[in-house]
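Encoded as structure tokens, the structure appears first; notes follow it.
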Amino acid sequence: MSSSKVKASAKIKKHQTLGTDVYEMWIENKAIADNAKVGQFVALYCRDGSRLLPRPISICEINKATHSIRLVYRVFGAGTQEVSCYVEGELIDVLGPLGNGFDLKDNQVSVIMGGGIGIPPLLELCKQLKGEKHIFLGYRDTLFLADEFEQYGKVYVATEDGNVGHKGNVMTLLKEQNLKIDQLYACGPKGMLKAIQDYALNNTIPAQLSVEEKMACGIGACLGCICETKDETMKNKRVCKEGPVFLAEEVAL
């Protein structure tokens, strides 16, 4: 985890919907934005004192010039429902940046794969990563952010209902392309990551997987987001601290 994390108030510069139950929020705090790295996350605190645990949300974009970061999240519980009610100009308490992010391997043929709310942290990755990029985005139905990826590489879209793009999942779509891959990056639900992990290991492709787990404290103290690994010296690792990004050969999904 970054040793430069801070807990501070951040000003909400922009807050709006991107799709059904999906929101984007730009928040301004110099210390957090200046230290944020690709693949990290922050924890947002609710106003309601009964909800003591912060809500972890991945960093979608980093703008160091304006001391701001962009968060894209889905409302799925009382905490994120409350966050969605904040308006521009208000202050929100934030802890971050947290976790270990992606290790960028430039000037290679890279495949970037995201599913659902695992898509947002891959936008900053695509912005910063140099080289040929093939970007696979999987949605249940409604798309968000897909058009923003197009300026960074070739975008392939899969939807469960086939309403847009390929009908099915990103793994099937990837296999159809017959690409030569030097490096793979992925973030999404565990089932998707497991399929990507198997594909990467079976084809000897270096892969970095950003794992999604329920979190409590966000700083590694509560051991609430344990992920089993293949490391005999440290069998269980904390997604919020040693992760959320792990090597494909490191984590047991």
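Backbone N, Cα and C atoms are what each Cβ position is placed from, and that goes for glycine too.
Here's what TrEMBL has on this protein:
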BINDING   Arg55, Pro56, Ile57, Ser58, Val72, Tyr73, Arg74, Gly79, Thr80  FAD binding site
BINDING   Cys217, Cys222, Cys225, Cys240  [2Fe-2S] cluster binding site
DOMAIN    5-104  domain 'FAD-binding FR-type'
Revision key, fill the gap. Cα of Ile57 (FAD binding site) to Cα of Cys240 ([2Fe-2S] cluster binding site), in Å and rounded, measures 11
Check your understanding: At the Cα level, what's the spacing in Å between Cys225 ([2Fe-2S] cluster binding site) and Thr80 (FAD binding site), rounded?
Key -> 18
Review point. To what whole number does the mean pLDDT across the domain 'FAD-binding FR-type' (5-104) round?
Key: 94
Review point. Which chain neighbours of the FAD site, leaving out Arg55, Pro56, Ile57, Ser58, Val72, Tyr73, Arg74, Gly79, Thr80, have a Cβ atom within 8 Å of the mean position of the site's Cβ atoms?
Key: Leu44, Leu71, Val83, Ile117
Point to revise | Position of peak Cβ density within 10 Å, selected from the binding-site residues Arg55, Arg74 | key: Arg55
Exercise for review: Based on Cβ atoms within 10 Å, give me the single least packed residue among the binding-site residues Ile57, Cys240.
Suggested key: Ile57
Revision key, fill the gap. Whole-Å Cα distance, Val72 (FAD binding site) to Cys240 ([2Fe-2S] cluster binding site), is 18
Point to revise | Residues of the domain 'FAD-binding FR-type' (5-104) by DSSP state, where helix covers H, G and I | key: 12 helix, 50 strand, 38 coil
Exercise for review: Compute the C-alpha separation of Cys240 ([2Fe-2S] cluster binding site) from Thr80 (FAD binding site), stating it in Å without decimals.
Suggested key: 18
